[in-house]
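Copied from Swiss-Prot, the annotated features are:
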type: COMPBIAS; residues: 193-204; note: compositional bias 'Basic and acidic residues'
type: DOMAIN; residues: 411-581; note: domain 'tr-type G'
type: BINDING; residues: 420-427, 467-471, 521-524; note: GTP binding site
type: REGION; residues: 445-449; note: region 'G2'
Amino acid sequence: MAIRLNKVTKLLNVGLSTIVKFLQSRGYLREENPNTKISPEEYEILNQEFHKDKHVKLDSEKLSKERFQKENYDKDKLKQIEEIKMGIPRSNEFQLLLTSKLDLDTLPQDKSQTTIEIKKTIKTSEIKEIKRENKTDILKERKQIEEIKNSYLNKQQKKSNLLSSTDSTINFTITGKIDLTTINNATRPKRKTKEEKQKEREERNKKIVNIKTEKTTQVNAGKKSIASTQTNIEILKRKKRNRIKHEKVNIEQQNISTIPNPKNKHFKFHKPTYKNEVSEEDVQKQIKETLAKLTNSSLKKGTKYRKEKRDTLLQLKNEQYKIKTQENKTIKITEFVTANDLSKMMNVPVVQVISTCMSIGIMVSINQRLDSETIDIVADEFGYKTEYVSAEAIETIIDDENENQEKELVLRPPIVTIMGHVDHGKTSLLDNIRNTNVIAGEAGGITQHIGAYNVKLDDGRKITFLDTPGHEAFTAMRARGAKITDIAIIIIASDDNIMPQTIEAINHAVAAGVPIIFAINKIDKHGANPEKIKETLASMNYLVEDWGGKYQSQDISAKKGIGIQELLEKVLLEAELLDLKANPKRYAIGSIIESSLDKGRGYIATMLIQNGTLKLGDIVLAGIYFGRVKAMFNERNLKIKEAGPSQAVLVLGLNGAPQAGDTIRVVKTEQEAREIAAKREQLQREQSLRTQKLLTLDDISRRIAVKNFHKLNIIVKGDVDGSVEALSDSLIRLSTEQIQINVIHKGVGQISESDVILATASNAFIIGFQVRPSLLTRKLAEKEGVEIRLYSIIYNAIEEVKSAMEGMLIPKTKEEITSNVEIREVYKITKVGSVAGCIVKEGKIKQGDKIRLIRNGVVIYTGELGSLKRYKDYAKEVTQGCECGLNIHNFNDIKVGDIIETFENIETKQKL
C-alpha cells in the first residue's frame, strides 16, 4: 500500500530533502512534495538505508517515557507520605463489648461495692504481623496506635452514655469528690507550671509504653484469641518516634512490579509498574498461542463447515482481487507500437519512456516504432505486463522455414548503410561510388530521405547502399537503416569533431549488432587532422585497427576519390567474414524503406528484399495494407520483372501507404491477405482508441495554473512517410507548458480538400513538406481562411513553427527608468494647483511620461506627468542638467526635496 512522504519522514526520523535525494539517486524520480506517495518497495529501500535513524528515535522515545514514569512515581510517593503525616483514618475498628449481663435482682444492697468491668475486645482478624523492614511499616505501626486511641475514646463515650440511661438502682463506687466552689471562679484556667507539665508528659509516656508492650505480646502469641483487658485509659498523645534509617532504593534498577502482601489489608498504595519493552517475537508468539486456543478441533460439524465456507469465500475474493489488479497492470498492444502511444497506455510521460530506452542503449524518438523486446523492457521498468493482441494475425502467415535448405542458399550482396553528421560527405561518397550526382537533386544539398542504391563494381560484385539523413530530426530513419543493414559505414569529417548525430549513429549500429567501418573524410582539405578523430574515437572506447583495435578505418576524400577503392575492399572483406546467404527460391520477405503517394501511379513503396525473390503479380502484405505487384522499378527508374535478395525496388500496386519499417511478405492468395489486413486494421483502431487521452480535471487545473495556455493544431503532409514522421516528431518536441502542439493528422501525398475541411473544423493550419495543393484545394483554403505553408527543407519548417509559437506568447513587460528629477521649489497657482520647479539630475524627462513621486525613499504616488515647461514655453523633453517646471496630473501634495522618477513600460517578445 502506498504511503506519503510526510509520514515516512516521521517514521524514519529523516528529512524530506534527504529522502528525495536518496530516491533520485536510486532511479526513482520524485518531486520534493510531502504529499507524494511512494510504493512499498521504495519504503523498504528507505527503511534499509535509514533504519539507524529510526532506532535512534525509538530509543529517545523510550528514555523519555521512563523519565516520565519515574517523575510520576516520585510524585505519588510524596503524596502518600503527606497523607500519612496528616493522619488519614484507616479502616481498623475496635469494638467495646459486654462480656456478661448483670442481674439487678441479685445485686447486694451495698451500692458501694457495685463495679463495672469494661472489657476491651479486639477482633483477632484485625491483628496482623507487623514487619519493620522498611519505612512504610513504621509509618503503618504509628497509624495503628493512633487509631487504637481514637476508637477506644469513642467507644468509652458511647458506653458512658449507655450506662447513664440504665436503671437508677445501679450503685456506683465513689472514687473521689469535686469541689464545686472552685468551678467558674475565673474565666480562664490557671496556667500549669513546668513541673506539672513534665509530670503529665511522663505519665502519658508510661501508659503508651504499656499499651505497646501489651500489643506486641499479643502479636507474638500468633492467631490466638486475645484476652480482654480491663483498662481505664485517659486521653493519650503520641510521642515522636526515632527514625529508622534504611538504604536508598534505586527506582530505575528496580524494574519489577510491587506485589501487595495479601496478609496486610492496610496496603493502600502500589509502586508504579515498569513493564519491559515487548519484542516482535513475543507478539507473534502470543498471536500464535491465541489462535491455537481459538482453533478448537472438537468443533461441531455445522460450525466447522461454516468456518471452512467463510475461509473459501475469502480466499476466492482475494484471488479475484489479485486477478483484477494484474489485469489493470496488463497492457494490450500491437508489436510495433510507437513510443508516444506506449507512454499514453502506461500513463507516464513520453520523456521517461525515451530516457528508459536510452539507458539500455536504444536511441528512439517520439513517433518511432518499438519492437516487442524493447516494449517488454520498458513496460517492465514501469511495472506493466504486455500482451500482444496482434500475435493471432502474425501467426496466420505461414513461414515455410523448410524452404531455407542448405543446398539452395546462395551468397547475397551486403547491405551497407552510410551514416554520419550533416554535411560530413555521406551523399558525396555515394555519388563518387555510383558516378552520379545525387546532391544536385536534394533541396538545400541535404539528404532528407533514405536512398537505396544497387552498385555493381568492376569485378562484378554488388553492394546495396542505404544513404540516411544526418539531421537530428531523422533519428527514426537512422534507426531503421541500422536494423536492416549488414555493415555500417560511419563517415566523419577530418576537419570537424565527432558530432552528436555521429555518436547517435554509432549507438544505433552497436545496438543492432552491426559491424562498423569508420570513413574519415575530407583529408584533402586544409586543416584536416585524421589522427585527432582516431584519438577521440579511442577515448570513446572505439579503437581502430591502425591503433591496435578491432574497428576498420579508412582515410578518404569523397570529392577527389582518394581511398574509395580501399574502403570498398574493406566492406567486401567484412561481408565475406559475415558469410551472408539467402534463398532466392522462396517467397520474398523484406522491409519498407519509404512509401508515398504519386498522382499518376498511386501509392508506391520503396522496399528492400532481405530473403527470397519478389516477382510481378505477387500478392504482398505490408502492415494493414495489401495489393498485387503491378510494376517494379530500380533506383534508376527502370522497369524490372523480379528482385532478388539485398535489392532495393520501387513497388506499385498497394492499396495504401505503409509505414516505414513495416515488414512486407508475399502470401499465397488475395483472400488471405485481405483477411489478415482487415484483422490488423481492426487491432490498430483498437490501439488508437486505447491511446486517446481525454481531458481530465488535472489537465484543466494545470491549464488554469499556467495562465494563457494555448493549443496549436497542425496537419502535416509530405512526400514520403519517413519525412512526415521526422517532421511530426520535431514539431511535437517543440511543445512547452504554455503552448501545446497537436499534430492532428499526418499523411503522404498531395494536400487534398479533406485536409482543408479538417483544418477548418479543428482550427489548424497545414504544413506541406515537398508537396503542393491542387488548384481546387488552394481555392477552398482561401475561402475557409486556412493557412497552408509549404517547405522543402526541414530546418525552415521547424524554425517558422517555432516563431509562430513565440508570437502566441504574451510579451514580457519590462520597466525602464528614463530620468531622475529633484524638486527645488514649489509654487501654488490658482486654478492650476501645485507647480514644481525642478532640475533634471539624470536621464531625459518627456511630456506624457509616467512618474513616481518619492519622499524620503518611500513611493508616495504613481501617476502621469501633467505638463512640462522650460522657462515659459511648453517643452516636449528636458535633458540632464537643465531646469524645468512641471505639475502632476490630479496630485498636488508635493514638497521641496521630493524626487520624481519617470519610467516607461517596454514590451519584449518572449522566446521558447
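Each Cβ is built from the backbone N, Cα and C atoms, and glycine gets one as well.
Not measured: the values here are computed from a predicted model.
Projection of Swiss-Prot feature records onto the structure.
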{"residue": "G420", "record": "GTP binding site", "Cβ neighbours (10 Å)": "26"}
{"residue": "D423", "record": "GTP binding site", "Cβ neighbours (10 Å)": "16"}
{"residue": "K426", "record": "GTP binding site", "Cβ neighbours (10 Å)": "30"}
{"residue": "I523", "record": "GTP binding site", "Cβ neighbours (10 Å)": "19"}
Let me know the DSSP-derived helix, strand or coil state of K426 (GTP binding site), please. helix
Mean predicted confidence [pLDDT] for the domain 'tr-type G' (411-581): 78
When the compositional bias 'Basic and acidic residues' (193-204) is classified with DSSP, how many of its residues are helical, how many are strand and how many are coil? 11 helix, 0 strand, 1 coil
Mapped DSSP class for I523 (GTP binding site), helix or strand or coil: coil
G420 (GTP binding site) -> DSSP, reduced to three states, gives strand
